[in-house]
Amino acid sequence: MKKIRQQHLRKPVTPELLVSPSSPDGDLGSECPEDRGNWTGRLDFLLSCIGYCVGLGNVWRFPYRAYTNGGGAFLVPYFIMLAICGIPIFFMELSLGQFSSLGPLAVWKISPLFKGVGMGTILIVSLVAIYYNMIIAYVLFYLFASLTSDLPWQHCGNWWNTELCLDHHVLKAGNATFPVNTSNTVSPSEEYWSRYVLHIQGSSGIGDPGRIRWNLCLCLLLSWTIVYLCILKGVKSSGKVVYFTATFPYLILVMLLVRGVTLEGAWKGIRFYLTPQFDHLLSSKVWIEAALQIFYSLGVGFGGLLTFASYNTFHQNIYRDTFIVTLGNAVTSILAGFAIFSVLGYMSQELGVPVNQVAKAGPGLAFVVYPQAMTMLPLSPFWSFLFFFMLLTLGLDSQFAFMETIVTAVTDEFPYYLRPKKASFSAVICIALFLMGLILTTEGGMYWLVLLDDYSAGFGLMVVVIATCLVVTRVYGIKRFCRDIHMMLGFKPGPYFRACWMVLSPATMMALLVYNIIKYQPSEYGTYRFPTWAEALGILMGLFSCLMIPAGMLVAVLREEGTLWERFQQASRPTMDWGPSLEENRTGAYVASLAGSQSPKPLMVHMRKYGGITSYENTAVEVDREMEEEEEEEESMM
């Protein structure tokens with residue numbers, strides 16, 4: 001008994017049966033890449049996912065989509081699409097990242113033939129990161145402009161205003177009779193946005209960018225500096241920043257909501273927002289819009305979820321986290337709708353016009369309509385500052401994810417060279433994207449931003465998600481994928497997830513892709529129509545990410561040997577080092593793939609190294625038994 005106790009207390013040693021790649025006796029030498037690192041706090045991962053998913057789209061896209069597609073009735077297709085498309089793909093991305101502890105490029109060790117999917121993802125994320133940080137720069141511009149006693153877009157009479165400018169404050173002070181004919185007038189906030197912030201009158205179109213707006217350029221530089229400082233140490237630094245940036249927007253949102261619902265006419269806007277029009281449910285457009293909102297709001301396909309999950313411990317409960325984040329994102333969108341439309345209802349009553357004449361989506365809501373509504377409130381600079389500070393924190397979280405995705409993807413490909421210099425490499429990426437984004441700071445920069453927004457993450461992103469779904473379920477195999485999740489979480493996904501992964505999710509995404517192609521409309525900004533060459537450039541931008549897939553296939557096939565069919569077969573199989581990154585988490589077939597491994601029985605390794613069996617090792621035993629049964633079945637069939 002005494003001997004057993006002494007053996008149990010003995011310092012763990014690396015077993016002879018399993019030599020790690022970094023061991024002195026291993027075949028690969030004594031050098032090993034620097035550790036990737038992990039989240040340092042219990043809530044780092046969860047808050048990072050919430051911050052990533054809850055972004056600008058929740059505030060400026062969901063409310064508008066809801067009221068134009070049936071009001072309250074829109075919630076029916078919204079939650080159905082969340083169940084069919086959102087939750088399953090979200091869980092799949094988290095599972096891939098956590099199981100492999102690899103970024104969006106290296107994760108394709110699961111099937112090297114399709115590594116082009118990862119390359120397409122990185123291209124899409126890089127393009128989105130360029131223009132998304134420009135939006136954050138606009139927010140910073142308005143944030144600084146709010147630090148005054150009188151908001152600059154409150155009145156007409158400034159050098160940038162025209163004769164069409166109509167100041168509702170002057171009309172109200174003069175006891176003008178409402179409603180006023182506003183068909184040929186422009187609000188001060190609209191002229192401030194277009195003629196002062198953008199100075200778009202200095203450009204004749206996308207082919208004539210004009211001069212750089214140095215105030216916007218400095219704001220863009222500041223936004224990139226903030227992003228770099230927050231991702232300087234990877235998830236160890238960004239994981240701490242999100243404790244503020246992911247939670248503080250909720251405090252501001254509640255404050256804006258409480259202030260909004262107490263305004264006169266607020267319920268007029270809320271009724272407009274939520275009154276159900278069930279006849280809209282018979283339209284396919286409403287269901288497509290619901291799926292698009294889910295797709296872009298959750299951020300699936302951008303690689304951010306996979307990247308964040310790759311820094312988890314192997315047994316993190318991502319099943320629970322999936323439902324917390326996806327349902328929390330949906331509730332946040334609905335709450336944002338109340339905050340926005342309560343203020344728009346008050347604004348419509350003040351102006352004496354219907355709500356649908358003041359409701360807008362996208363930048364028009366954030367930089368024109370809502371700022372105008374703020375000027376009608378007491379303490380308008382305070383509420384304006386709060387609103388733009390909320391947009392800033394919402395935008396930064398998503399930008400952190402985009403940058404972490406790019407940096408992690410490349411450093412995982414070259415861990416020996418780039419991982420020790422991750423801070424320097426992050427700086428190079430930020431500088432490069434800043435320089436590429438300079439065209440967005442010109443007088444015609446908004447035209448380029450619209451082009452990037454319309455095409456960079458359009459049909460190309462859908463192709464990436466569809467390909468990922470099909471490769472995991474059809475090429476890698478749904479049974480093998482579920483077995484991996486069982487090894488990781490201790491249980492297998494149920495019939496709901498299997499049915500969605502195999503049929504419902506890819507079918508829905510294909511329907512979205514076909515719909516987008518059939519209903520294609522050229523880009524426009526206000527009354528400006530983009531020229532043919534700009535449209536062609538946008539389409540090529542989307543196609544280029546898709547072309548990464550066949551290009552990756554070609555490279556993978558050329559690296560193999562044998563006939564063409566044999567090369568395809570070999571390239572489609574997982575690589576020998578695919579699987580959990582830590583040797584103690586490798587079971588069954590995965591333990592045999594480690595360098596120097598001689599034993600297919602991981603249980604012996606666990607017992608010798610740790611002196612006992614945990615609940616997860618019991619799961620490992622079950623997985624091993626299933627794999628042995630499958631191998632016996634295959635042998636009997638042969």
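Cβ from N, Cα, C; glycine included.
Features reported for this protein in TrEMBL:
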BINDING   Gly51, Val54, Asn58, Ser297, Asn329, Leu394, Asp397, Ser398  Na(+) binding site
TRANSMEM  75-96  transmembrane segment
TRANSMEM  117-144  transmembrane segment
DISULFID  Cys156-Cys165  disulfide bond
TRANSMEM  241-258  transmembrane segment
TRANSMEM  290-311  transmembrane segment
TRANSMEM  323-347  transmembrane segment
TRANSMEM  382-402  transmembrane segment
TRANSMEM  423-449  transmembrane segment
TRANSMEM  455-476  transmembrane segment
TRANSMEM  496-518  transmembrane segment
TRANSMEM  538-558  transmembrane segment
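Feature map: annotations from TrEMBL on the structure.
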residue: Gly51; record: Na(+) binding site; Cβ within 10 Å: 27
residue: Val54; record: Na(+) binding site; Cβ within 10 Å: 28
residue: Asn58; record: Na(+) binding site; Cβ within 10 Å: 24
residue: Cys156; record: disulfide bond; Cβ within 10 Å: 21
residue: Cys165; record: disulfide bond; Cβ within 10 Å: 19
residue: Ser297; record: Na(+) binding site; Cβ within 10 Å: 24
residue: Asn329; record: Na(+) binding site; Cβ within 10 Å: 25
residue: Leu394; record: Na(+) binding site; Cβ within 10 Å: 27
residue: Asp397; record: Na(+) binding site; Cβ within 10 Å: 25
residue: Ser398; record: Na(+) binding site; Cβ within 10 Å: 26
Item to check | Among the ranges 117-144, 241-258, 496-518, 538-558, the one whose Cβ pairs under 8 Å to the transmembrane segment (75-96) are most numerous | outcome: 496-518
Checklist outcome for this item: The answer for the transmembrane segment (241-258), taking Cβ pairs under 8 Å and residues 6+ beyond its ends, is 41, 43-44, 47-48, 50-51, 54, 230, 332, 335-336, 338-339, 342-343, 383, 386-387, 389-390, 393-394, 396-397, 400
Item to check | Range from 290-311, 323-347, 382-402, 496-518 with the greatest count of C-beta pairs under 8 A to the transmembrane segment (117-144) | outcome: 382-402
Checklist entry - Out of 290-311, 382-402, 455-476, 538-558, which stretch touches the transmembrane segment (496-518) the most, going by CB pairs under 8 Å? => result 455-476
Checklist entry - Taking residues 6+ outside the transmembrane segment (290-311), which of them lie with a CB under 8 Å of any CB in it? => result 36-39, 45, 48-49, 52-53, 55, 57-58, 61-62, 65, 69, 74, 77-78, 80-82, 85-86, 89-90, 93-98, 100-104, 107, 118, 121-122, 124-125, 128, 235, 318, 325-326, 329, 333, 398, 401-402, 404-405, 408-409, 457, 461-462, 464-465, 468, 508-509, 511-512
Checklist entry - Which residues, same chain and not among Gly51, Val54, Asn58, Ser297, Asn329, Leu394, Asp397, Ser398, have a CB within 8 angstroms of the centroid of the CB atoms at the recorded Na(+) site? => result Ile50, Tyr52, Cys53, Gly55, Leu56, Gly57, Gly299, Thr332
Item to check | C-alpha spacing of Cys156 (disulfide bond) relative to Asp397 (Na(+) binding site), in angstrom | outcome: 35
